[in-house]
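Copied straight from TrEMBL:
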TRANSMEM  12-38  transmembrane segment
TRANSMEM  58-78  transmembrane segment
TRANSMEM  99-119  transmembrane segment
TRANSMEM  161-178  transmembrane segment
TRANSMEM  190-211  transmembrane segment
TRANSMEM  243-263  transmembrane segment
Amino acid sequence: WPKVKIALKEPIAEFWGTFILVLFGDAAIAQTMLSGTAAGRASSPGGAGFGAWDTISWAWGLGLMLGVYVAGDSGAFLNPAICLASCIFRKLPWRRLPMYWLAEFLGAFVAAGVVYGNYVNGINQYEGHGIRSVASADNPTGTAGIFATFPASDLTKASQFFDQFIGSALLVFLIWTLKDDSNKGKFVASGAWFPLGLFFVMMGIATAFGWQTGFAINPARDLGPRVMIAAIGYSGVWSAGGYYFWVPIVAPFCGAVVGAFLYDIFIYTGETPVNTPWMGLKKLLNPKRT
């Protein structure tokens with residue numbers, strides 16, 4: 001096992017970092033919903049209102065901060081969209097991408113399973129034994145939203161996509177800011193304060209962009225738990241919101257790449273494809289001449 005652990009050190013770190021992120025976040029949603037303060041819904045028996053939207057925002061921020069500490073050896077990406085942006089703009093080796101993506105998905109999947117196991121009694125009391133569904137106007141006690149994200153009922157597909165896109169772009173833009181060692185102005189890169197900076201970044205995104213689509217901004221965070229709840233029998237997890245499930249997978253990738261590009265083209269002065277001739281196209285087209 002020690003040899004395996006060393007060989008797979010980075011994917012294992014991504015697994016556990018993502019596990020911590022989703023464990024804290026989904027558990028906070030479960031506690032808030034099942035104890036009776038989510039959108040004014042009735043609580044499960046014994047619920048006393050343990051939580052609110054601020055609770056959820058804090059938990060996702062703390063989960064991200066602590067997950068980054070756990071996964072420091074791998075770079076602590078915890079998000080397939082950030083991995084992709086890092087491959088394009090920050091020289092993360094492309095060969096690591098498949099293993100990182102798989103590890104992040106599995107970490108989120110397992111974390112959602114642990115949250116379900118911990119709160120299954122409350123879910124049974126809240127939604128009903130044997131009933132597992134997505135909440136809607138006609139079904140206010142659906143609990144799928146504990147684990148995966150679902151859009152507000154009045155959102156168009158374009159609005160769903162843009163909400164996830166802007167949140168993901170902002171996330172990567174600010175991560176690039178916190179890690180920018182080339183910025184020699186009054187405030188330099190965050191260094192050891194980076195995880196704490198991420199805590200505030202996540203809290204800011206949650207409080208400013210959380211209502212409409214649930215601020216997934218992370219394909220693994222949404223897809224892993226969504227697959228988990230589909231496997232245990234939740235209905236409607238793929239078709240809800242007009243087959244919304246693909247939005248928190250695709251939009252974060254698009255937003256992350258755009259956010260990284262915007263930071264590099266306007267602010268970053270270090271080594272990046274954006275700061276090479278023709279924004280990297282020359283090297284791509286003529287690799288032997290550059």
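The backbone N, Cα and C atoms fix where each Cβ goes, and this holds for glycine too.
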I need to check the long-range neighbours of the transmembrane segment (190-211): which residues 6 or more away from its ends have a CB within less than 8 Å of a CB in the stretch?
53-54, 56-58, 60-62, 64-66, 68-69, 152, 163, 166-167, 170-171, 174-175, 178-179, 217
Give me the stretch from 12-38, 99-119, 161-178 with the greatest number of Cβ pairs under 8 Å to the transmembrane segment (58-78).
12-38
Where else in the chain does the transmembrane segment (12-38) make close Cβ contacts, counting only residues six or more beyond its ends and a cut-off under 8 Å?
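Same-chain residues near the transmembrane segment (12-38) but 6 or more away: 5, 44, 47-53, 55-56, 58-60, 62-64, 66-68, 70-74, 76-79, 100, 103-104, 106-108, 110-112, 114-115, 118-119, 122-123, 125-126, 143, 145-147, 220-221, 224-225.
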For the transmembrane segment (99-119), give me same-chain residues lying six or more residues beyond its boundaries with a C-beta closer than 8 angstroms to one of its C-beta atoms, as numbers and ranges.
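Result: 8, 10-12, 14-23, 26-27, 30-31, 34, 74, 77-80, 83, 146-147, 220-225, 227-229, 232.
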Near the transmembrane segment (161-178), which residues from the same chain, at least 6 beyond its ends, have a CB less than 8 A from one of its CBs?
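Result: 79, 81-82, 85, 89, 151, 155, 189-190, 194, 197-198, 201-202, 205, 209, 212-213, 215-218, 247-248, 250-260, 262-264, 267-268.
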